[in-house]
Amino acid sequence: MSTDPLIDRLATGLRPVRRRTPWRDATILLALGVIEIVFVLKLGLMRPDMPHAMGMPSFWWKAASLAVIAAVGGTTALLSLDPTRSPRRGLRIVGMLALAALAFGWLVDVLQAGPAVLWQRLDPAHGIVCARKIVELSLPAVLALGLFARRGAPVDARGTAWAVGIAAAAFGALAFALACPFDDPLYVAVWYSAACSVVTLVTRLILPPLTRW
């Protein structure tokens with residue numbers, strides 16, 4: 001029995017799907033990051049002491065660490081949408097980068113720390129606000145990467161979800177770093193890590209069911 005009529009019926013009405021390319025997705029993601037930064041600047045949210053902050057090692061530690069983690073995490077997430085690629089190696093690299101960033105932050109802290117009391121350095125009142133804003137600024141990247149994942153064909157949905165969450169969280173934190181007046185490594189390690197953990201864990205829970213195919 002010929003299966004050609006059945007195949008013809010199944011194919012009727014199908015439209016060609018535009019092939020996804022990692023470069024196009026990366027360009028869209030980068031443009032989204034630029035828009036977020038411009039948004040922060042246009043609303044006058046940039047920290048008023050930016051000229052002074054740019055002379056501090058702790059500011060560059062914070063910005064550079066977040067930029068590298070966002071770049072590696074984003075690359076891992078986009079590459080994992082190819083069914084022949086696994087995100088596990090990229091996730092291991094991100095983990096090592098995060099540990100290296102914390103270690104380097106400890107070194108910066110030792111070199112420039114003052115006699116401030118631990119509770120004063122943590123400043124929970126501002127820390128909670130900072131964490132909330134980081135989560136909010138991470139949402140556009142979560143949505144964009146989530147849409148890419150829906151269009152892609154990840155074979156490791158959980159690994160992809162981890163990569164998406166990490167990249168989006170670092171994205172939001174990097175955008176917020178331009179507005180946040182706190183560069184204390186202890187403050188950054190606690191509150192930025194808390195916000196990024198929330199974004200990553202929620203993404204890990206929500207995204208896999210949406211990307212199964």
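Every residue gets a Cβ built from N, Cα and C, even glycine.
TrEMBL annotations: computationally assigned, not manually curated.
The transmembrane segment annotation in TrEMBL covers 28-47 (among others). With a threshold of 8 Å between CB atoms, the same-chain residues lying at least 6 positions outside the transmembrane segment (28-47) that come near it are 53, 70, 74, 78, 137, 140-141, 144-145, 171-172, 174-176, 178-181.
Panel annotation: around the transmembrane segment (59-81), residues 20, 22, 25-26, 29, 33, 53, 87, 90-91, 93-94, 97-98, 101, 104-105, 108, 145, 148-149, 151-154, 156, 159-160, 163-164, 166-167, 170-171, 173-174, 177, 183, 185, 188, 192 of the same chain, lying at least six beyond its termini, place a Cβ under 8 Å from a Cβ of the stretch. Residues or ranges marked as transmembrane segment by TrEMBL: 59-81 (among others).
Same-chain residues lying 6 or more positions outside the transmembrane segment (93-113) and placing a CB less than 8 Å from one of its CB atoms are 56-58, 61-62, 65, 68-69, 72-73, 76, 163, 166, 184-186, 188-189. Residues annotated as transmembrane segment in TrEMBL: 93-113 (among others).
Residues of the same chain lying 6 or more positions beyond the ends of the transmembrane segment (125-148) and with a Cβ under 8 Å from any Cβ of it are 20, 25, 28-29, 32-33, 36, 74, 77-78, 81, 164-165, 167-169, 171-173, 175-176, 179-180, 182, 187, 190-192, 194-196, 198-199, 203, 207, 210-211. The transmembrane segment annotation in TrEMBL covers 125-148 (among others).
Note on the transmembrane segment (160-179): residues 29, 33, 36-37, 39-41, 45-47, 50, 62-63, 66-67, 69-70, 73-74, 76-77, 80-81, 87, 90-91, 94, 130, 133-139, 141-142, 145-146, 149, 154, 192, 195-197, 199-208, 211 of its chain, located 6 or more positions outside it, place their CB under 8 angstroms from a CB of the stretch. Summarising the annotation, TrEMBL assigns transmembrane segment to 160-179 (among others).
Beyond the transmembrane segment (185-207), the same-chain residues lying 6 or more positions past its ends with a Cβ under 8 Å from any Cβ of the stretch are 58, 61-62, 66, 102, 105-106, 108-109, 118, 121-123, 127-128, 130-132, 134-135, 138, 142, 146, 149, 157-158, 160-162, 164-166, 168-170, 172-173. Per TrEMBL, the feature transmembrane segment maps to 185-207 (among others).
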